Amino acid sequence: MATPPSLRCRRKGAVSPPAHSDDAADTGGGGTRSTFMPPPSGHGGTAAAGPAMQMKLCGAAGGRLGKLVGLGRSGAAVLPLPGCLLYTRTGSAPHLTHDTLQTVGGVPAVAQLTLPALAEIHDVLEEYKEGAAKFIGMPDKVLYCSLLDPVTPCPSGYNTNKTVSLWGSSGRMEITASKFMDIQRAIQPDWFQCISDGDTVAGEAGRKRAKKSVDRSLSFLDACLQILEESPELQRSVIFGAIEGGDILEERLRSARETAKRPVGGFLLDGFQGCAMAKETKLKLIASVTAELPEDKPRLIHGVGKPDEVLECIERGVDIFESFFPFQVTERGCALVFSYDCHPDPEAAVFMQNGAQDLEKNGAEEDQDEIPKADPEMTPFEIFLKDKRYQDDFRPLLEGCTCYCCQRHTRAYVHHLLVTSELLAGVLLMMHNFQHYFGFFEAIRGALRDNKLDQLKEFVFRQALQTPANAKPGQ
């Protein structure tokens, strides 16, 4: 098969929109502006040099519509809200070079770095002295450093009153507050999550552990804030305080209230990853926590990525999400095909886009054993392209998609790349899945601006109730 055009060249006439351009955030009237670099009060924080990050909110029903401005070293970067971060692995978008990332539309202004990978090379960054942004080749990106990688499971039971355990390629690393801040000084991020203890146990049996997680996290936060004011390398960095407490409402509220008293720049809702608690409990806790937080500071949540879950969190006051979900979809050999365009006949649109009309094509009973088994984690928002039914499907991954892959290649070609284990499969899928996911957040902002979030939610939830197109009976 002929080699496709080089992915390192932007296609002729295609221009990726700048990460900060979004009409939803520019709605006039009713906007508020707040500076939330740590003030010189409480813990004695000193004023940060350079532009101050500010939050502008516009009145919108069903969520918080607005933007974060004044981001980055120059203060020119903007993150529309609700929005997401660019997920990276050791400072690079998965499967993509910096050049190929340039062909993806709607890339967020803020990139997420994960501490476990960087902690192992922090001595190199210390010697380099110019921070991680320049080191990884993203000098103009706004960097957010999270404590954990949302894709990598973290063993339980290894945190203490003085340390939090990180898990990297070399194994377990015990990090104190002092060591954590040493690493942050080497990274020099624009934002960073404060070290915290999010290791809790579900149910009443975990009440004592939840209290301990809050106590430890507040102690870590106080220690880090003290070090922060004495660190000139971090005077332009914004610290996000972690809200802990497991599934115990009283502890969540205590964590939120106490963290809000500290001079933090934003809040991280931690411990809501995966199946940590029942959905109803999770949503109730999120709503209760955000009600305790100041309106003028951003709320970021870890571990929530599925479209239906994102919408539920936005309704409850969450502003910023990660973008690990497109990476997980790519690793499954899948492509995102859910629609966020509320068509007049949404059921027919979903039926067409998911290729449901072709469920029988190339899927005769005698061929079932030849079809690779789909990942049990597969969601209704994606299609499994290793499935044999796509070997002669010459449509794009998603009709109407403007991504590099959909404009140049077909489902059949990506199927071929997957079954032959070609590395290009991950590149093409990652480009498509990222762009589609970033477009989803743009649609959310548009729905908030037009007061149609309920309509978008109903449309996405209808798709969430479907069985994944490639799942076998009993799977």
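Just so it is clear, glycine is given a Cβ too, placed from its N, Cα and C backbone atoms.
For reference, TrEMBL has these:
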- 1-48: region 'Disordered' (REGION)
- 63-463: domain 'tRNA-guanine(15) transglycosylase-like' (DOMAIN)
- CYS401, CYS403, CYS406, HIS432: Zn(2+) binding site (BINDING)
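Structural mapping of features recorded in TrEMBL.
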residue: CYS401; record: Zn(2+) binding site; CB count, 10 Å: 20
residue: CYS403; record: Zn(2+) binding site; CB count, 10 Å: 23
residue: CYS406; record: Zn(2+) binding site; CB count, 10 Å: 22
residue: HIS432; record: Zn(2+) binding site; CB count, 10 Å: 27
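Other than the site residues CYS401, CYS403, CYS406, HIS432, same-chain residues with C-beta atoms no more than 8 angstroms from the centre of those residues' C-beta atoms, the Zn(2+) site, are PRO396, LEU397, LEU398, THR402, TYR404, CYS405, GLN407, MET431, GLN435, HIS436.
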